[in-house]
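The block underneath contains the structure these notes are about, expressed in structure tokens.
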Amino acid sequence: MPIAKISPSLLSGDFGILAAECKRMVSHGADWLHMDVMDGHFVPNITIGAPVISCLSKHLNAFLDCHMMVSHPEKWVDDFAKAGASLYCFHIEATQDASALIDKIHAAGMKAGVAVKPKTPISTVMDLGHKMDMCLVMTVEPGFGGQRFMAECMPKVKELRAKYPDLDIEVDGGIAPENIDAAAKAGANVIVAGTSIFKADDISGTIESFRTIVNTEQDLLAKK
């Protein structure tokens, strides 16, 4: 049974004190740290790159969950591996040979994740479940924070969980206390949340609440 992993999105943090923000999230109980990497081509924004990951990894003992919203993701595997990334999650829409890219990521010493946009059918990644370490089902269009959670993406999570009961399945986009139940019931166990964690009055309590809800639903799914 996959256990809950709560991965605060640093896109909602203060980039001027990013290392401190990372440490703050870990101190509040975060399991992973979600790093959005955008190149301005695959999505219309540009964010952090390998040098920033390298700086953070030297000062943190944390799992760095790198979401690569980039074109030609195969180009950056070695750079991010050297920088200390823990997981390299690329978009299925950005590559012609996902299986080979997963092999390259594993050879570089990282876990491999595959992401799908809201309008991309889950069938595009179904045959990769035996190779990838995680599948990220986007619940907003990638590129901007603060968007509305798209509940219509939950059938993808449910279908993926039914076929791969032991796979880490991540959801990212608009996750908040009012919709975490829907994501958990569908089968998601890795929860990315930005605003709802960073702006919470009780960050530790929010993270623990998300974890409890996810683990409860995973236990129920395992008993079915």
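The backbone N, Cα and C atoms fix where each Cβ goes, and this holds for glycine too.
Here is what TrEMBL says about this protein:
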ACT_SITE  ASP36  active site, proton acceptor
ACT_SITE  ASP172  active site, proton donor
BINDING   SER9, HIS67, GLY143, PHE144, GLY145, GLY146, GLY174, GLY194, THR195  substrate binding site
BINDING   HIS34, ASP36, HIS67, ASP172  divalent metal cation binding site
CB contacts for HIS34 (divalent metal cation binding site) [other CB atoms within 10 A, all chains]: 28
Rounded Cα-Cα span from HIS34 (divalent metal cation binding site) to GLY174 (substrate binding site), Å: 14
Cβ-Cβ neighbours of the residue listed as 'active site, proton acceptor' (radius 10 Å): 24
Rounded Cα-Cα span from ASP36 (active site, proton acceptor) to THR195 (substrate binding site), Å: 14
SER9 (substrate binding site), number of other Cβ atoms within 10 Å: 24
Cα separation, HIS67 (divalent metal cation binding site) to SER9 (substrate binding site) (Å, whole number): 10
Recorded positions listed as HIS67, ASP172, GLY174, THR195, least Cβ neighbours within 10 Å: THR195
Rounded Cα-Cα span from ASP36 (active site, proton acceptor) to HIS67 (divalent metal cation binding site), Å: 5
